[in-house]
Amino acid sequence: MQLYTYLYLLVPLVTFHLILSTGTLAHGGTLTERRSTDTTALKPEPVLLQKSDARSTDDNDKDRLTQMKRILKKRGNKARGEEEHSKYQECLREIRVNKVQQEC
């Protein structure tokens, strides 16, 4: 009976000691920093793009950044041009009128 009591207490201690000393679990997964060094070794190095490759172009092979700068300069650095802004305001008015008519 005493032998079973000692084994009952000894087996968990031995397995816990083995897990901590080897740093591995039953399936071979690591508990220590080995896993983190492996993942950093697998990370790809960043690709350095040239300035021309980094910029996107549209269907006509024109630089989108340059086109956007021209558009903003033409609009006076506003988010929308005057025409787009007036169309947006008209749509808002129509929506408000429709809501008022639906409530009545």
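Count begins at 1; order follows the chain as displayed.
Glycine is no exception: its Cβ is also placed from the backbone N, Cα and C atoms.
Taken from Swiss-Prot, the feature divalent metal cation binding site covers Glu90, Glu94, and the record attributes it to similarity to another entry. Positions annotated as compositional bias 'Basic and acidic residues' by Swiss-Prot: 52-66. Annotation comment: Swiss-Prot describes Cys91-Cys104 as disulfide bond. Taken from Swiss-Prot, the feature 4-carboxyglutamate covers Glu83, Glu84, Glu90, Glu94, Glu103. Marked as region 'Disordered' by Swiss-Prot: 29-87. Annotation comment: Swiss-Prot describes 1-26 as signal peptide, evidence class sequence analysis.
When Cβ atoms from all protein chains are considered, those within 10 Å of Glu83 (4-carboxyglutamate) total 9, not counting its own. Neighbours of Cys91 (disulfide bond), defined as other CB atoms within 10 A of its CB across all chains, total 10. Between the C-alpha atoms of Glu84 (4-carboxyglutamate) and Glu90 (divalent metal cation binding site), the distance comes to 10 Å. The number of other CB atoms found within 10 A of the CB of Glu90 (divalent metal cation binding site), across every protein chain shown, is 10. Here Glu83 (4-carboxyglutamate) is positioned 11 angstrom away from Glu90 (divalent metal cation binding site), judged by their C-alpha atoms.
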